[in-house]
Every structure is written in structure tokens, then in C-alpha cells.
């Protein structure tokens, strides 16, 4: 009996799907059934036989931990081999080839640093291996810094018996209780101050250190200078390169010859040119000037290069000619703000504005009467003033 879903919402009504089966051959049906059986997930509830489990199980290869001796340089001797025996793996581990060694961050390139196979060491290869997985300071200590042989290596301090457990972060112990058996705490390398920092110094040979007076000699016979000396020397070299011109009188330095010549001409008090001023005389009237520029401006008063095109009158300055041309055109652009009068020149407007103030610019010393122009004051002093000038 079909259910009635008339009152049920559309999104909750079931969908009726009718599968149309097509006729197929017997061979095709068998192939489809076999593929369907392979696609089905494995039933884990069924127990398999013990022989099937042993066939699927593969025993993983045991991992062995190795502690590397980083305290020695790549040049091995009898003393280094005796010290490395303290940190070497067990005897049975020596049967493994170097390519079978599994360690954190190390590959088959660690042939020179495994204590199991003492082979010839390539310093560049070993330095790359140390920088890749272990300790870059120990690798670069002897390979690239041959002058630091007198200083203690950071790896030697870490590989010492007191701090042998400092490698726990790199290689864990073989058993969980090995740390508790010794009863010693790992050494904190952040508070050590006996490890020198070669990056803060510039190393030099003995021949170079003898020529440098600011170098400091160490107990090992090599000398070093602080890094600030190189920067200060470069600054001094740049300063000497930029300021090449020097005044012989006051020892001041200038970057250009023009600056030095102007200093000698105007500013230097020890120069003879400033002690006895050179004078330039006018050929027309004989006036003397201290600078050539002032003499050229004076010569224009004799030549009068600015001429009026209307009346032919000449002037020494172009702005004087411009004010003269306004007298021909009748233009008066400067107007008085207090009265309706206007003027062709700005100087005439300023003189006119003195008539509107109570105290003028020019005053008589006898009667204290003030005037807007100097010409009016002179006219008053000669005729109108009743008190004679003593």
C-alpha cells in the first residue's frame, strides 16, 4: 500500500528511483560480478590463519644511535682515535657499512665522521655534513679557520665527559633509564664564556699585524683587530676621497676647487687676499670696488644699455626703463588705499602714503615738523623754518 505524502513537505518526501535493467550476456555478467567482488572492502571481522600473518609481517631493521666525536680536527692521529673510543658505538655495530647508518639529518655522505670506519676525510665534505645535520661551528673551526687551533673548539667542550649528555637533543640514549643511572644534569651551554667568537674579529697573519699599529696580539702569537677598525678606516678613506682640496693657510678640506677658491677669497682670515683687499678700479671714473661683480654693475651707469624706444632716453637698469615707459602710456598701476590717487612707480606710492600718517618719515631737527619726502624737508630748512639752524 502506497503511503500518502500529501501533507509532507517536498524536501522530506522520498524519491522513487526505478532501475531499468538491460539484457546482457552471461560472460559480461560474470566479469561484472568479479569486478564488484574486488571493489568490496576487506572484512576485518574474519580471522586469518597464522601462516598468512607471518607472510605479511616484515620485521623492521633495528636502528642504532651513534654519538659522534666532534672534538677533533679532520687530521686524525693516535690521540684522537683513543678519545673517540669513549663515544664510539658497540663492537657489533662496526660490521655495518657506512651507507647503512641511519641518523637524524645524515645520509651516506657521513663516511668521514663515523667512528666505525676510520677513512680519509675530506674537509669540505665533512664541513658540509656538519653544517647540514650536526654542528656547523665544529666543522668550520678547523677547515676554514686554521689560525684558531690554539683556541678550544666548542665541540671539544661539548664532547668532554662533563658535558657528554649535551648531545641528547641530537642523539637520544639507547635506553630510557640511561639518564637516571648516571644522575648528572645536562650542561647548559648558553652560560659558557670560554668559547671564543671568531666572527667578531678579523684575523691577520704575522706579517700584516706587524704593519698595523692598532692590532692586538694574543697569547698564541696571532693578532686580531676589532671589526670597527675596518669600518672606521673605510669612512676615513671615503672622507679623504671626497675632500681632496686643502687650504694651505687654515688646513680646511673642500670637495671642489671652486669651494676652495671661494674660501680663500672671502672666508679665510689667514689668506693674504683678505689681509690686503684687492681693488678693482673703473676705467671711466676711477672708482674702486672690492669685487668684480660690483664693478660690472657700476660700468652699466656709464654705458646705459637700457634705452627707451619712444624718446631714446637711456637707463642703467631695466626696471628704470619700465617705469619710464609708463609715463608715455599713462599707465598707473599703483593706487593709494587712502585716497583715489594712483602712481606709475611703487616708490612714488610709498612716498605719497607718508602724507596720510601723522608722523612723517623725515622730520626737521629745529621745529620738529615732519615731511614725507627728503626734498620737502630740505626746502623747509632753507626758507620756511623761522629758527635758524645752529
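Backbone N, Cα and C define each Cβ position, glycine as well.
What you are looking at is a predicted structure, and each value in this text was computed from that prediction instead of being measured.
Swiss-Prot lists zinc finger at one of the ranges 214-236, 306-328, namely 306-328. Note on Swiss-Prot: of 188-210, 280-302, the range annotated with the feature zinc finger is 280-302.
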